[in-house]
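Asks: Found this in TrEMBL, in case it helps:
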type	residues	note
TRANSMEM	38-60	transmembrane segment
TRANSMEM	242-262	transmembrane segment
TRANSMEM	269-287	transmembrane segment
TRANSMEM	325-346	transmembrane segment
TRANSMEM	366-395	transmembrane segment
TRANSMEM	463-490	transmembrane segment
TRANSMEM	511-533	transmembrane segment
TRANSMEM	611-632	transmembrane segment
TRANSMEM	653-673	transmembrane segment
Amino acid sequence: MIPMSTLGPPVIQLDAGDPKTFDLNFKGPVAKRSCTDVLCCIIFILCIIGYILLGLLAWVHGDPRRVAYPTDSKGHFCGQKGTPNENKTILFYFNLLSCTSPSVVINLQCPTTQICVSKCPEKFLTYMEIQFTYRTNKNYWTYYSQFCKSTFVKPAKTLTQVLLDDDCPIAIFPSKPFLQRCFPDFSTKNGTLTVGNKTTFEDGSGKTRNAIELRAAANRVNKILDARTIGMKIFEDYATTWYWILLGLIIAMFLSWMFVILLRYIAGLLFWVFMVGVIGIIGYGIGHCYQEYCNLQGQPNSHLTVYDIGIQTDISMYFQLKQTWFTFMVILCLLEVFIILMLIFLRERIRISIALLKEGSKAIGYIPTTLVYPLLTFIFLSICISYWAVIAVYLATSGVPVYKVITPEGQCKHENTTCDPEIFNTTEIAKACPGAQCNFAFYGGKSLYHQYIPTFQIFNLFVFLWLINFVIALGQCALAGAFASYYWALKKPDDIPPYPLFTAFGRAIRYHTGSLAFGSLILASIQIFRIVLEYLDRHLKEAQNNISKFLQCCLKCCFWCLETVVKFLNRNAYIMIAIYGKNFCMSAREAFNLLMRNVLKVAVMDNVTDFVLILGKILVTGCIGVLAFLLFTQRLPTIIEGPTSLNYYWVPLLTVIIGSYLVAHGFFSVYAMCVDTIFICFCEDLERNDGSTEKPYFLAPTLHGTLNKMQLVSQKQKE
């Protein structure tokens, strides 16, 4: 007979078919632990080391100035500090008319010399005119010479020699800087296109050109720069509104903090504030869409559809269509009806969620440091995002200047071959192709490093997703450990251990880095596969048939569902890891089995509480979004003057809305994690204890009474 003392603490088994056993002396998160998922921890650390080495390698080879500054024909940056071009910030084309050449589309370069200048031309002048007027007025040559490659004392060269040496443009015309490039100053006079108030002009070679030809050349260059045009405009909007965006995010942070604190005292009242606020904000959106729809009645072309205008780079064109505002209005109306119906049919379950929120408020009140933890998560996420963005830019700008042979007519057999600008004029190519130029094309290289840059970009993205999910997992595990310490304290707050959040964070880092990395790796793998599917869908859209489109749509849907399920399982697995200290697979299995045994409670409590918190996020986001909309569209001039002359007001507006939602999500996620942890502990509590003196419930009496009324505690357990 084995003495009972040698058997360890007493345990209880649910049934013969369930291997789960309970320690009847369990009083909270396990203190004595061991490291879990060590292999995954080692792989994770090696990936981080490789990520750091990749950053150093990209930093050595990359140069982000190549994105910020335009580049002349010799590969020099315009406007770069510490160089002769420091004060020359604008790129000037010698002969913009040559940009109508077919080679522009093939080589993505205009076959003419490009130099850096301090300002664009403001008048019509030709080289031949300068030669005639030089003897009587030298000021014209002084003005004209600033657009030449070298400084000349006088225009002594003949026109033919200037064309051969490519020293000066043969003509200049009024231009304005656009995207740091000189483009013709077009205008319309009595319905006729003009440039510098002229419809025709001399091109310097004895030919008379019109403004339409010049616009065709400018449009060719614009097509090359189209994507960059949008990017630069967005960058300009960010440069103009960054402090307003930052102010909006700060207000969102304080508003979220205020709501979280108020939930502790007036959870019921605040819930109905959420309801009225969200319904009111959506109602305002419906009213605004209807007003815009009515304003467009009778406007020319407003009856067109999105299908009629196709894909446009100018997003504002879509907002000039009645269909756009009608679609927004229908979506907002459906959302309004959905929320109202949810309130009607879930009114009883909402009482449960309010009770859980009040219990969560007590837990946060006893552990106030949990309200500060989202700031730490925000800092970690900001570091990860910044590091990923910097590496992506440095990788994209890695390489050396590559020069290509470019001819105006695009008929040279050496067209698009690499060349050396220093010796180009002495090579056979210059003799075989009269008028050919050796111009800068792009940055690249043929070394082993440059060949693997696409692979490095994929690795950069994958590790970034892994780190982002790990940071989120670390926060969830740390918060779960702290709130579990609160729940399993029989006498609250006397039995709550000191510094519960700091202790739980330390345990997660010391013992469970491998488990958190394992769960994050699964999520990152699913997310990278979804990104690959999106990439293939965009680049192979024209080559797809209906069957392949249907299969791809099914794959997208399946992987979205898979990611959602994995996030839910991971979240509960991290709670079990924080409580019991087991590895990821065992924790995920036990969490899944526990939820399946309490599926009714999951349906009643968990999702409704998430719905309440989502409404809080929508309220914060909506308040900041409405204020930002009124500010960026100049509708608050009497109260505060916002930014003017924005290219796309929706760029900073969407940034503020998305940023405010992320800020609100960070703070309300504390409550969500608190409620989820209390719910898991509650289910464990019901299976371990029966409410008797020997095995009392750890659940607060007020919440226990509410659950009794909703019949979420079995009669056997209540007895």
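Please read every residue number as a count from 1 along the shown chain.
Using N, Cα and C of the backbone, Cβ positions are placed for all residues, glycine too.
Each of these features: where is it, how hidden is it, and who are its neighbours?
Replies: Within the same chain, residues 387, 390-391, 394-395, 398, 449, 456, 459-460, 463, 466-467, 470, 513-515, 517-518, 521 sit at least 6 positions outside the transmembrane segment (38-60) and bring their C-beta atoms closer than 8 Å to a C-beta of that stretch.
With a cut-off of 8 Å between Cβ atoms, the residues of this chain six or more beyond the transmembrane segment (242-262) that come close are 270, 364, 371, 616, 619-621, 623-624, 627-628, 631-632, 642-643, 652, 655-656, 659-660, 663-664, 666-668, 670-671.
Distant neighbours of the transmembrane segment (325-346): 275, 278-279, 282-283, 285-286, 289-290, 292-293, 296, 319, 608, 611, 615; these residues of the same chain sit at least 6 beyond its ends, with a Cβ under 8 Å from one of its Cβ atoms.
Sequence-distant contacts of the transmembrane segment (611-632), counting only residues of its own chain at least 6 positions beyond either end whose CB sits under 8 Å from a CB of the stretch, comprise 241, 244, 248, 251-252, 255-256, 259, 271, 273-275, 277-278, 281-282, 284, 339, 342, 346, 350, 353-354, 357, 640, 642-643, 646, 649, 652-653, 656-657, 660-661, 663-665, 668, 671-672, 675.
Outside the transmembrane segment (653-673) by six or more residues, the chain places 238, 244-245, 248-249, 252-253, 255-257, 259-260, 263, 357, 360, 364, 370-371, 373-374, 377-378, 475-476, 479-480, 483, 609-610, 613, 616-617, 620-621, 624-625, 628-629, 632 with a CB less than 8 A from a CB of the stretch.
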Asks: Could you pull out which residues elsewhere in the chain have a CB under 8 Å from any CB of the transmembrane segment (511-533), counting only those six or more residues past its ends?
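Replies: For the transmembrane segment (511-533), the sequence-distant neighbours (Cβ-Cβ under 8 Å, at least 6 residues beyond its ends) are 33-44, 461-462, 465-467, 469-470, 472-474, 477, 552, 555-556, 559-560, 562-563, 566-567, 570, 573-574, 577, 581, 583-584, 587-588.
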